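Chemist: According to TrEMBL, the record shows the following:
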| type | residues | note |
| --- | --- | --- |
| REPEAT | 10-48 | repeat 'HEAT' |
| REPEAT | 164-202 | repeat 'HEAT' |
| REPEAT | 203-241 | repeat 'HEAT' |
| REPEAT | 242-280 | repeat 'HEAT' |
| REPEAT | 281-319 | repeat 'HEAT' |
| REPEAT | 320-358 | repeat 'HEAT' |
| REPEAT | 359-397 | repeat 'HEAT' |
| REPEAT | 398-436 | repeat 'HEAT' |
| REPEAT | 437-475 | repeat 'HEAT' |
| REPEAT | 476-514 | repeat 'HEAT' |
| REPEAT | 515-553 | repeat 'HEAT' |
| REPEAT | 554-587 | repeat 'HEAT' |
Amino acid sequence: MAMVEEPLYPIAVLIDELKNDDIQLRLNSIRRLSTIARALGEERTRKELIPFLSENNDDDDEVLLAMAEELGVFIPYVGGIEHAHVLLPPLETLCTVEETCVRDKAVESLCRIGSQMRENDLVEWFIPLVKRLAAGEWFTARVSACGLFHIAYPSAPEMVKTELRSIYSQLCQDDMPMVRRSAASNLGKFAATVESAHLKTDIMQIFEDLTQDDQDSVRLLAVEGCAALGKLLEPQDCVAHILNVIVNFSQDKSWRVRYMVANQLYELCEAVGPEPTRTDLVPAYVRLLRDNEAEVRIAAAGKVTKFCRILSPELAIQHILPCVKELSSDSSQHVRSALASVIMGMAPVLGKDATIEQLLPIFLSLLKDDFPDVRLNIISKLDQVNQVIGIDLLSQSLLPAIVELAEDRHWRVRLAIIEYIPLLASQLGVGFFDDKLGALCMQWMQDKVYSIRDAAANNLKRLAEEFGPDWAMQHIIPQVLEMSSDSHYLYRMTILRAVSLLAPVMGSEITCSKLLPVVVNASKDRVPNIKFNVAKVLQSLIPIVDQPVVEKTIRPCLVELSEDPDVDVRYFATQAIQSIDHVMMSN
């Protein structure tokens, strides 16, 4: 008997904990509802557990949120899809609570359950639930109802469909702005399920009401609806119904609405098609680029390349480029930064001549901007320009600016330049690189910031891969050897890092003759951090050098380090010795 009761004991505890005063215990129990349901069986879950949850919904928000989430995946525990409707009452109650995240999660779970329910069950249980919520006394119920129409509508009989459209229309004119906001943000989902005949009449009427709402928070959600509805309508209907709304919104008195238009404009252009974009939306976009609110200009500037791709180069040069020139010297650093992050993409759109003539001066002015993020955004996209104007021109015009930025006071700018160097090297070729940039690469090895020194060591490895071991032997290795005796221990550590990265590229012979002596010499260093890094580097060299070298040079050095007074040095040296033994055994 005890054997039978054993698994039920924890279940009894979990059920008790559902009523416990301690919120953490209740939360723990709710999160394990599926365990309780499995133990109770499908019938008892339907008849006892779900009604219990329906009654106990005046709990803490955290517990209710967990309950709303759990119930969304509960269909298997109540006996499958034919019994899914029993999950609706507790979720319906959760849709009316005050806390927004609980309501949102309850709506999400209802949508998940509704999308799996059988059609006749939807008509019998789900649609009445939506109607009850839509007629709820509290605005919270009506807010939740708006998110359920797209699940309820497709299965409804014709008469009920008409009623649902009418109810949605009433929700869009609700006294509470929160309800109208919810209706506006869910309109696209609902419209996608409505038949095209009603789309042009009922839905467009609802949409027009929302676009003229006196609350800007409702109107800005209607802007999102523009793009969603535009994709559902035929192009000619889209131009007739949506285009004027977009143009009016771009001049809305609320900057938040204009900001939303600037953010969505590319999607809106796709909805209305190329011709209306050229005639109506280009002037609207130019207005947004010159808006008196910086936030609107930021959003508009960030879309400049995408927008230019829709236009012909002539239109872009005629209308958009003058605005871009103005934005490059905008009073807001964030506008300039947004522009810098996308302006490079305009080069392929405008072509070589226009890029050289019009864009290059803008690039140069942004490369010298006071704000580091602006400089950073330009540097990281230089390759897009190189593809258009070629390396010669790029190096003549931009290289002086790049050399200047290599010593920028902001380390993130220096880091971006370092990461761009291998690409620049491959495009400039070895001769040009040696003249202009070679010295910089070694200079970074002694930077005050660790991230720069680490990136500089990686950079040497990538350059050695690009130009080959012979070039590295001539230009990198001598300077690395020279720096290995630097008086500052952090710089000596960077050299060890560079050696471990260069060794695989340089191959066994150069590693043994040039790099290994540097590491062995560093094992005599007085700083423990150097010595345990020596142990790590020696371990990384084991697979690169020949076995006799390991036994003759590396092992004695590690044995000496394994007897060091410092505990970390001993630890890493012992690890490296074990690594040698492991390699020998496997051989």
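Just so it is clear, glycine is given a Cβ too, placed from its N, Cα and C backbone atoms.
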Chemist: By a Cβ-Cβ criterion of under 8 Å, what residues six or more beyond either terminus of the repeat 'HEAT' (242-280) are in contact with it?
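Modeler: Those are 207-208, 211, 216-217, 219-220, 222-224, 226-227, 229-231, 233, 235, 287-288, 291, 293, 295-296, 299-300, 303, 306-307, 310-311, 315, in sequence order.
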Chemist: Sequence-remote contacts (6 or more beyond its ends) of the repeat 'HEAT' (281-319), Cβ cut-off under 8 Å?
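Modeler: Here the qualifying positions are 243, 246-247, 250-251, 255, 258-259, 261-263, 265-266, 268-269, 272, 274, 326-327, 330-332, 334-335, 338-339, 341-343, 345-346, 349-351, 354, 358.
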Chemist: Are there residues at least six beyond either end of the repeat 'HEAT' (320-358) with Cβ under 8 Å to its Cβ atoms? List them, or say none.
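Modeler: Sequence-distant neighbours of the repeat 'HEAT' (320-358): 282, 285-286, 289-290, 294, 297-299, 301-309, 311, 313, 365-366, 369-371, 373-378, 381-382, 384-385, 387-389, 393.
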Chemist: For the repeat 'HEAT' (437-475), could you work out the same-chain residues 6 or more beyond its ends whose Cβ comes under 8 Å from its Cβ atoms?
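Modeler: Same-chain contacts beyond the ends: 403, 406, 411, 414-415, 418-419, 421-422, 424-426, 428, 430, 483, 486, 488, 490-491, 494-495, 497-498, 501-502, 505-507, 510, 514.
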Chemist: Which residues, given as numbers and ranges, are at least 6 beyond the ends of the repeat 'HEAT' (476-514) yet have a Cβ under 8 Å from it?
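Modeler: That would be 442, 445-446, 450, 453-454, 456-458, 460-461, 463-465, 469, 521-522, 525, 527, 529-530, 533-534, 536-537, 540-541, 544-546, 549.
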Chemist: List, by number or range, the same-chain residues at least 6 past the repeat 'HEAT' (203-241) whose CB is under 8 A from its CB atoms?
Modeler: 165, 168-169, 172-173, 177, 180-181, 183-185, 187-192, 194, 196, 248-249, 252, 254, 256-257, 259-261, 264, 267-268, 270-273, 276
Chemist: How about long-range neighbours of the repeat 'HEAT' (515-553): same chain, 6 or more residues beyond its ends, C-beta under 8 Å?
Modeler: 477, 480-481, 484, 489, 492-493, 495-497, 499-500, 502-504, 506-508, 560-561, 564, 566, 568-569, 571-573, 575-576, 579-580, 583-584, 587
Chemist: State the mean pLDDT for the repeat 'HEAT' (281-319).
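Modeler: Averaged over the repeat 'HEAT' (281-319), the predicted model reaches a pLDDT of 82.
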Chemist: Using DSSP, break the repeat 'HEAT' (164-202) down into helix, strand and coil residues and give each count.
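Modeler: Residue counts in helix, strand and coil order: 30 helix, 0 strand, 9 coil.
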